[in-house]
Amino acid sequence: MNRAVTRTLSANTHHLRLCRRTLCSATTDHVYHATPGEVNDNVQPYDIAIVGGGMVGMALACSLATTPLTKHLKVAIIDANPALTNQVPINREDPPDPRVSTVTPATISSFKDIGAWQYVQQHRHAYFDKMQVWDYTGLGYTKYDARDVYKEVLGCVVENKVLHRSLLSRIEDTDFGKTIYPSRLMSMSLHPSSSSNIVDDTSSAEALYSRGRLAKLELSDQKSLYAKLVVGSDGAKSQVRELMGFKKTGWNYSQNAVICTVEHSVENHCAWQRFLPSGPIAILPIGDNFSNIVWTMNPKEASDLKSLSEEDFVKAVNHALDYGYGPHPRPSLLDSSSMFSWLGGNMTITSNASFEVPPKVVKLASARMSFPLSLLHANNYASKRVVLIGDAAHTVHPLAGQGVNLGFGDAFALSRTIAEGVAVGMDIGEVSVLKRYEAERRPANIGMMAILDGFQKAYSVDFGPLNILRAAAFHGAHFILPLKRNIISYASGEQRLPLFT
Amino acid sequence: MPRLCFPALGTIAAMALRRGQVRQNLRRYLFNPSRSISSSAAYNIEGKNDNKSSKNELELAKFAAMSDTWWDSEGPFKPLHAMNPTRLAFIRSTLCRHFRKDPQRPRPFEGLSIIDVGCGGGILSEPLARMGATVTGVDAVEKNVKIARLHADLDPMTSTIEYHCTTAEKLVEEQKKFDAVISLEVIEHVANPAEFCQSLSALTISGGATVVSTVNRSMRSYAATIVVAEYLLHWLPKGTHQWSSFLTPEELVLILQRASVNVKEMAGFVYNPLTGRWLLSDDISVNFIAFGTKFDQ
Ligand SMILES: Cc1cc2nc3c(=O)[nH]c(=O)nc-3n(C[C@H](O)[C@H](O)[C@H](O)COP(=O)(O)OP(=O)(O)OC[C@H]3O[C@@H](n4cnc5c(N)ncnc54)[C@H](O)[C@@H]3O)c2cc1C
Ligand SMILES: C[S@@+](CC[C@H](N)C(=O)[O-])C[C@H]1O[C@@H](n2cnc3c(N)ncnc32)[C@H](O)[C@@H]1O
């Protein structure tokens, strides 16, 4: 088989050389369009192939493009999403898209570092500095304030399309050599090790591939390409992860999230989250008088909710955020000072943080969408020439709005790892280089996943005693400032160690 | 980056010199011209296949299999692989400063000629080439050089490396000169370290740089390198090292000084068993690396 490869290869050498020359002169910002009948002429190998140009994949590309040690790399971005090639203008007058992300202060500062935050600021975005979390039993509530952690804001809510576009615009402002393939990855392969067959043209991509120095990717439009490193940023259903046989652990929550945009008659400045018997409902400010709703429930309830009339849906939302399912919490119900005396030490009682009801929703402002939720974690993030980032490596419950922030954390960590590898002259696809990224990110992601999953477990079981316990947890979080500070700084992405340290 | 500068070391060296044993050792290194430099037994794999005119495909396949050992990051050369990013970080930073190169650039060594003496399978030569240097790798063992060649050809960035089976002193005879001469983990395998340093120096242009790394002759290094690495972890084949031939940092500084190389910076490598990584540190009691500059005699 190898001999056959060798023969076709030498026959093609002249042709390949020509192609390479034309490709070298290709300018940056190249979009590779498929021409029918054209076969495999794009042999110039890439340094990095990013499979999946979603928010996380684009964050990686943007970070590489703006780092002195990596901006020279040749990068291919593979994604059929038309948003990458056909940029319809984002109109500020349109109501916000229901797909939004809560970005943490840590993410904001990374975006500033790579120069992408200024583009976000040109579009609609909503900072919030307060957060109220309560539950339907009326036993507890907690208010978080950015000032408790000496911060200006707790986070910022931004539409996913704005984050995506900002990263793309930032990349386009650099002279980064990227090629976009508007296509899907169908298969990929890697030769096991530097095998011994000697091929005449030692530097041709096919020869390097046959020696295990390049991965080969085949796309849905019959194109193929080679890269030293393949990054799987292709989301929760990652093809890269499946094709390369990364093992994973995970389960479905048998829950769905219903998301939509709603309108108030006043502007909302706080993030609200209430735990209901069927799951949490969150309402996040997204700018002007709009808010975003993420409401978790079982699939049957979700489809019922989606088929309600707009008017009934608005009623259901207001009900769920006010007296629905149970009373407003009263802080005096539990004597927190005696309850938490075993914790010892200095307890600070925040007195002026009284319970509030979120602003009423007056109108539904987008379609309602429903997504099944699942928890998934790849056991490894890195193997030879392949690395996973973002949802491809882990999906979490959208409870604390952490999903994409963990992914951004991955993207920036991988970019740093690659820069370090380049600095000391390593082959960036070497597993020893990639394992450094894995060692940095796995513990951080597992920590956050365990916390979110723990939350989810505690709140989807409705036992009497458990309710008291979690109310107690609320009180604890509310009244003991240092504890609360830990929770906030962890949720805002600035702490590596789990809670209660 | 923690480092020891030369004046501090000079003092240590002076103190150490008062100890008779050290003086004796030094005498052995400095005044024993009869012992010629040869490759250590551990790396001496008999290589009779020197017939360059007709390639022996079977032998080629064998070299390729061997190449998997030099380049197997979990194999016998695991410590060199694990240490590589750390020692390259030291080299990058010292050479960039010395040759006024911009460390923010991906290929800061462009325009520099570097020789890697005792290159083995090319674990160090390849990254140096990727960092832009014009690299020559030499090793006394023919098979190593062949393995290095095969592996470097796998990547267009490293296929420009020139590999030769020769020794430093032969290159001196040929009057070769390089901007920087680097020889890592070799000096403990040569017969006469002082002569070896003379050769390294002779290969360095005036004002150029010489970088040497080795294992310290301390009790800790005995435990760490011979007992742990060779016997317990089986990282290295048994008998790879002879403790008595290890140099202390002060001895290395002195023999380099006699060879017209001023040691300017020195750092230690410390292994963290939890992360499996090596860190640069000012603890030079086990593994250490020295950067020096060649002055005119
Ligand atoms: C209901 C819901 C609400 C959420 N709310 C929040 C929130 O408030 N805050 C938060 O931080 N996170 C939230 N998340 C999570 C967040 O959306 C994800 O973590 C984030 O989108 C992950 O980004 P990604 O780039 O890794 O993957 P994705 O956004 O899934 O992007 C994957 C990309 O890969 C492409 N692709 C897929 N397969 C292939 C292939 N074979 N070949 C080529 N390209 C391919 C796709 O076209 C896509 O562009 C929420 C998730 C859900 C479901
Ligand atoms: C421990 S290995 C180090 C390899 C390489 N310098 C590295 O650090 O990755 C020592 C190497 O030095 C070579 N060597 C030993 N004595 C030598 C000599 N006198 N001249 C040239 N090479 C020598 C051996 O063949 C072997 O490849």
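Going from the start of the chain as shown, residues are counted 1 onward.
For all residues, glycine too, the Cβ spot is worked out from N, Cα and C.
Database features, via TrEMBL:
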BINDING   B:Arg87, B:Gly118, B:Asp139, B:Leu184  S-adenosyl-L-methionine binding site
BINDING   B:Glu185, B:Glu188, B:His189  Mg(2+) binding site
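Distribution of TrEMBL features across the structure.
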residue  : record                               : Cβ neighbours (10 Å)
B:Arg87  : S-adenosyl-L-methionine binding site : 25
B:Gly118 : S-adenosyl-L-methionine binding site : 25
B:Asp139 : S-adenosyl-L-methionine binding site : 27
B:Leu184 : S-adenosyl-L-methionine binding site : 23
B:Glu185 : Mg(2+) binding site                  : 22
B:Glu188 : Mg(2+) binding site                  : 20
B:His189 : Mg(2+) binding site                  : 23
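Across the structure, B:His189 (Mg(2+) binding site) and B:Gly118 (S-adenosyl-L-methionine binding site) place their CA atoms 10 angstrom apart. Residues B:Arg87, B:Gly118, B:Asp139, B:Leu184, recorded as binding S-adenosyl-L-methionine, reach a greatest CA to CA spacing of 19 Å. Taking the C-alpha atom of B:Glu185 (Mg(2+) binding site) as reference, the shortest distance to any of the binding-site residues B:Arg87, B:Gly118, B:Asp139 belongs to B:Gly118. Residue pair B:Arg87 (S-adenosyl-L-methionine binding site) / B:Glu188 (Mg(2+) binding site) shows a Cα separation of 17 Å. When the binding-site residues B:Asp139, B:Glu188, B:His189 are checked against ligand 2, B:Asp139, B:His189 have a Cβ within less than 6 Å of one of its atoms.
It is 11 Å from the Cα atom of B:Gly118 (S-adenosyl-L-methionine binding site) to that of B:Glu188 (Mg(2+) binding site). For B:Glu188 (Mg(2+) binding site) paired with B:Asp139 (S-adenosyl-L-methionine binding site), the C-alpha to C-alpha distance reads 14 Å.
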